[in-house]
């Protein structure tokens, strides 16, 4: 697979490199802002789960470029420096992280909190949706510590069967909750974004990061709040048909554009968690072991079977399925 193949398959990936963005997700925030004017009047913004930093880039240009704007980026992983962005390598479920954010804002709360984080997907949709919901609630919890009344919160969601419960939890804290799908987000993906405006916590609510909103046993106060348990919110598409289709392949020479020239990524990730696996695959040393005892027991397996010695099947890297991880050389 050549270097240009992904440029053909993913036009937003290609445009991100050509425009100096660290990732294609920058277009998602730009399209959300075009629809909802997220940056209007914003001088202090927080980017949670910020690495590799494309949303922080957008915030820096839209807010920090005004001279009086301040942007704080938070992530567990290291991130290459960005001009006009204060970086915190920390855990969003820790109170110390919230205090450090406020400290950088000189005691003032933030106008906008965004979160484009997502867990490593497993392919089990129920598990992925649950993990994403818990990550969003953790982001919401830290937002309640740093967001000013009337502020805005934008976070990635997976539109599963239980997303209506998530909407009801968000509406407890915000006067307006919408589900938005940017044009640069693939139609084949269940990804969308919760756009929550008008932060207005319940009377008497005291944020507490010792209870990270991850389960009813952790935070009984949050789960005892009154209100509907499931609601339906408006669904908004960001961008019209004149925008590029994120699910379509495009020729290298785009209509009305200059002659194609390959552009390397703007900023490769720093010490990504998959780095070791990529190194092993390049050397042909990546293997996947499948043992009978690791497989789920089917109904047929419950009947008596002749005893046989356990076997270990090894699939070398060239034999891996198409949906396994692929790393460019």
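Cβ atoms are placed via backbone N, Cα and C, with glycine included.
Listed in Swiss-Prot for this protein:
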- 53, 55, 75, 91, 116: S-adenosyl-L-methionine binding site (BINDING)
- 156: active site, proton acceptor (ACT_SITE)
- 221-240: region 'Required for binding to WDR6' (REGION)
- 271: phosphoserine (MOD_RES)
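In this view, the residue listed as 'phosphoserine' is surrounded by 8 other Cβ atoms within 10 Å of its Cβ, with every protein chain counted.
Distance between Cα atoms for residue 91 (S-adenosyl-L-methionine binding site) and the residue listed as 'active site, proton acceptor': 18 Å, as a whole number. Here the binding-site residues are 75, 91, 116, and the one whose Cβ sees the fewest other Cβ atoms within 10 Å is 91.
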